[in-house]
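Student: A single structure is presented below for examination.
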Amino acid sequence: MKSTKMTTAQALVKFLDNQYVSFDGKEEKFVHGIFTIFGHGIVVGLGQALDENPRGLKVYQGRNEQGMAHAATAFAKQNNRRKIIACSSSIGPGAANMVTAAATATVNNIPLLLLPGDSFATRQPDPVLQQIEQSYNLGITTNDVFKPVCKYWDRVNRPEQLMSAMINAMRVLTDPAETGAVCIALPQDVQGESFEFPEYFFKKRVHKITRPLAVEEEFYECLNIIKNKKKPIIICGGGVRYSEAGDTLSKFANRFNIPIGETQAGKSSIKSSDLMNLGGIGVTGNLAANIIAKDADLVIGVGTRFSDFTTASKSLFENPDVEFVTINLSKFHASKLDSCKMVGDVKECLEYLYKLLEKENYISSYKDEIKDAKMAWKEEMKKLTNIKYEENFDPIIKFRNKESLEEFKKLTDTTITQTSALGLIRECIDNDAIIVGASGSLPGDLQRMWETESLNSYHMEYGYSCMGYEIAAGFGAKLAEPEKEVYSILGDGSYLMLHSELITSIQENKKVNVLLFDNCGFGCINNLQMSNGIGNLATEFRYRNDETNKLNGKLIPIDFAKAAAGYGLKTYTAKNLEELKNALIDAKKQRVSTLIDIKVLPKTMTDGYESWWHVGLAEVSEKESVNKAFENNKKVLKSARKY
């Protein structure tokens, strides 16, 4: 048996460089690089290995550990989970910074390999810099906090443990049903320790991503339900995207006259113009999809995990005879809502089910309902994209501090409404441009309003809805598809939370366009707060008022364009639609990352359509408005499904 004496870190780099995946006969390299922010717990171990021989791995320099891990997540998502960039950090705060990103990847079922440094396995110098000491367990370190948010976790306390740790890491990372974040903690002394690693550990490994078919019994159980239903609706989830089953789903839906509602993860898997595509469904869904869903007697969940936003907290489907059928690689997700399930690959299962339904001569009983619903939404879209600020302007959102809008208007001199801005952006950017989003009111507006004919051009992280994902993810998406324009669409709140990877985009010459919607606050949470009878507390960006000692002073103005220009971005400020249009046109000509500071009037985002969201309201309050909100919530909850 041949072996090579190497340090643990050197062996790790060599192993990662030899990982490949195969899908539909196409073989691709799996690990394309590694993000790192070197600290004392990683630089002389893994850092030495990468300096001496990085092999085929490109080393990227992050600016914030959470940010670089979000970029890696987006890179994997935009590559349909078949390519990754690993992330390494020092011990302590560097590692802890990646926990949020790990949770984001796991919730969204995106492969993310994290390699945080750790304290000494020998414990000789304990407590080392940045080490947490727990008197009840000296084996606990910061990295233990990754356990709840990862799909696989391991710590390499001896060099030879690296082999089983990495084999299992790859097992999870390349499993479509179980993938998510993987954490392999690397004690800093072990990184530099050597071992005679067998050559077979470094052999080229091709991880086959297969298309398993559900068992025949499951198909026929589902068939017996479907063929007796008159008004089914399909929910298109992220599984459609990752199975590359968009065309198959479109063919299926059009053949059997079944309308489709899109989740955030499923959007852009099929064309917006598809005759059966109603658009976004659920809490952030549009009028067309939610109206059809209310009367549906069958819900066919395809590659979806049925989040509360998709099901409107299980209140959306009001037909008393409604049943659920699912297609999903994950038995866990397929079993939700007492569904009759087909556990298997989306594309393969749809093709098999197509043949069975065709033999039954099945067709839904919809007549003009689908067309009428789409037409009604088309008319609503015209209104939304043409909302203009005028004298005595009344914004879409009615629950508000009436003075805020005029105060913001006076402060910024803007006339831009959020929905009209989105309409203009859609008109101006390339048809195949990738948009990236995650948090605030914009994901709701985008799920409702954004239309695209370009496959996988809608990149929304709405499983964890992580503020700060957008810009880092825009960079990651650009790394994945450098030939396309990428637009990170986010609010001022999210921008302030995390935008450090803009510098990395400059460093790597990978252009990201930032569309920053500034409404001087956390707008969507202000909506949620005030619509449930609560006062306007700490959701607008205001100075502290010396007289009241509360955060109800004047609005805080920020020149985001000026600040970003200091980083080296090409920047613009838009206060009217003409300025926005000119900025969008000019930004396309730039080779460097850009930022458009769009001053948007508060409360001009879209509102909900025929949906409800269950949030934890106070049962008792001195304010009648809060009590009323609780009673309304209680009333809807009675009719919602219990699990």
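One-based numbering along the chain as shown.
Just so you know, glycine gets a Cβ as well, placed from its N, Cα and C.
So Swiss-Prot has the following annotated:
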- Glu65: thiamine diphosphate binding site (BINDING)
- Asp492, Asn519: Mg(2+) binding site (BINDING)
- 441-521: region 'Thiamine pyrophosphate binding' (REGION)
Student: Taking DSSP states H, G and I as helix and E and B as strand, how many residues of the region 'Thiamine pyrophosphate binding' (441-521) are helix, strand and coil?
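Tutor: Taking the region 'Thiamine pyrophosphate binding' (441-521) as a whole: 33 helix, 16 strand, 32 coil.
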Student: Give the number of CB atoms, excluding that of Glu65 (thiamine diphosphate binding site) itself, located within 10 Å of its CB.
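Tutor: I get 28 for this one.
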Student: Measuring Cα to Cα, how many angstrom lie between the residue listed as 'thiamine diphosphate binding site' and Asp492 (Mg(2+) binding site)?
Tutor: 21
Student: Could you tell me which three-state DSSP class the residue listed as 'thiamine diphosphate binding site' falls into?
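Tutor: DSSP call for the residue listed as 'thiamine diphosphate binding site': helix.
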Student: In sequence order, which same-chain residues at least six apart have a C-beta under 8 angstroms from Asp492 (Mg(2+) binding site)?
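Tutor: Long-range Cβ contacts: Leu516, Phe517, Asp518, Asn519, Cys520, Gly521, Phe541, Ile558, Phe560.
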Student: Including all protein chains displayed, how many Cβ atoms other than that of Asn519 (Mg(2+) binding site) lie within 10 Å of its Cβ?
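Tutor: Its Cβ shell of radius 10 Å holds 31 other Cβ atoms.
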